[in-house]
Ligand code: UD1
Ligand code: CA
């Protein structure tokens, strides 16, 4: 960390706001950005500052937000904000949990997710060098709507921040805006916060009012201008969130392209931060990769695939399919139009073809389930072939049971395997068979079905139809051979 001993620093993350402008049942700070909730990004950044203490202030949907805090931070204290609204009140309550030997407090907003620890470190360095009371990050926005405006004296010293709703016309014309990220001396904050009032357009205790107070009473306030506005962009509504998702995704996609991944239509490919791709992976249009996906070299995914938590081996090929928590080994092929549900494992060179659904199933090396099947709770042996339109009847209404198909077995089209049931190694089953009992290795299972034909039935029962006419013609057409 830049220029100070980590023991003298605490971080406060503000996450108690209602996020009204999102119009969502999900708390704003839990909306995802590249697979990580907004607050997760901020907590990781906070952790990178190596503070003596991290305090997260929650209120709106406190239980859900606290859960996310536990997931994304190792050692954060949670403070519940009371009925008094505003960022100032949030920091006031957080301060009670910060040890008195802490010199400086960094304040981060849980809705400013792209900010990195280097930029914050530079702010802290500047703060210490300038011996400031408060130092904050600002940026120049072409459209400053919605942000607090930075008011500076002629010599550049910051004298106040005015919120959009409280600003007059002249102040609204200012393009330098408050990023909502601060470092402040603990003693100065402790002195200033209790005297904040709610006498403003939103009836809130504004943290930004501390700036005006400090500037006139107890110290100097500096604003460090961040050149790249994206770093300090806040998320308040769905439009801002989407813009940020698009921006971050573009950066992620470019990063993978530089690392040797072919991405045909980058604007249609979405990749979570947690995804790992090897060289010479090809992503065709319309691919979404979520969670812990790891794709090995030479695999081709797409077009139109959604993979979540999938492990894909070298050279595998997946087309127009949905894959959730499945393992697809090297050289395996999936789709088009397959649905691989959790617990599916396709071993090397295996195939799951068109309109096939699998769940909790292992497909052996080189084994094939090529067409129109449901394979659930099953083990398909190496080199086995499952006929088109086959179903594992795995559920008896109470329990699930397994189907085991032996290596190199060949099952006929339109089979139903009533589990628990086993087809032995190298066995065959006939088309249209319902397999209710185990089939021994090397056997052929056929259901004794006899088909009865009734001559002339159509002519008698469907007279005058095209079918009857065709039948009649075929009967009377002279044999020309
Ligand atoms: C805030 C700043 C504004 C700045 C902008 C930058 C204030 C008064 N205004 O405005 O100057 O330009 O951020 O993004 O600080 N929160 C709480 N408790 C509350 C209210 C909010 O913890 O009572 C949290 C929110 O969850 C959020 C953060 O504080 O993470 C900012 O709150 P928000 O309401 O989004 O403030 P802005 O209107 O964006
Ligand atoms: Ca905000």
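For all residues, glycine too, the Cβ spot is worked out from N, Cα and C.
Record check, TrEMBL: acetyl-CoA site residues include 394, 395, 413, 431, and the candidate from 388, 425 also listed there is 388. The candidate set comprises the binding-site residues 14, 388. Of these, 14 has the most other Cβ atoms within 10 Å.
Neighbour counts of Cβ atoms within 10 Å were taken for the binding-site residues 86, 148; the minimum is at 86. Of the candidate recorded positions, 14, 148, 178, 341, 371, the one lying closest to residue 394 (acetyl-CoA binding site) when CA atoms are compared is 341.
Residue 431 (acetyl-CoA binding site) is 71 Å away from residue 86 (UDP-N-acetyl-alpha-D-glucosamine binding site) when you measure Cα to Cα. Contact annotation for binding-site residues (16, 28, 148, 341, 374, 394) versus ligand 1: 16, 148, each with CB under 6 Å from a ligand atom.
The record assigns 388, 394, 395, 413, 431 to the acetyl-CoA binding site, and the maximum Cα to Cα distance across that set is 22 Å.
The two recorded residues, residue 16 (UDP-N-acetyl-alpha-D-glucosamine binding site) and residue 395 (acetyl-CoA binding site), show a Cα separation of 46 Å. Its own atom aside, the Cβ of residue 431 (acetyl-CoA binding site) has 14 Cβ atoms within 10 angstroms in the protein chains shown.
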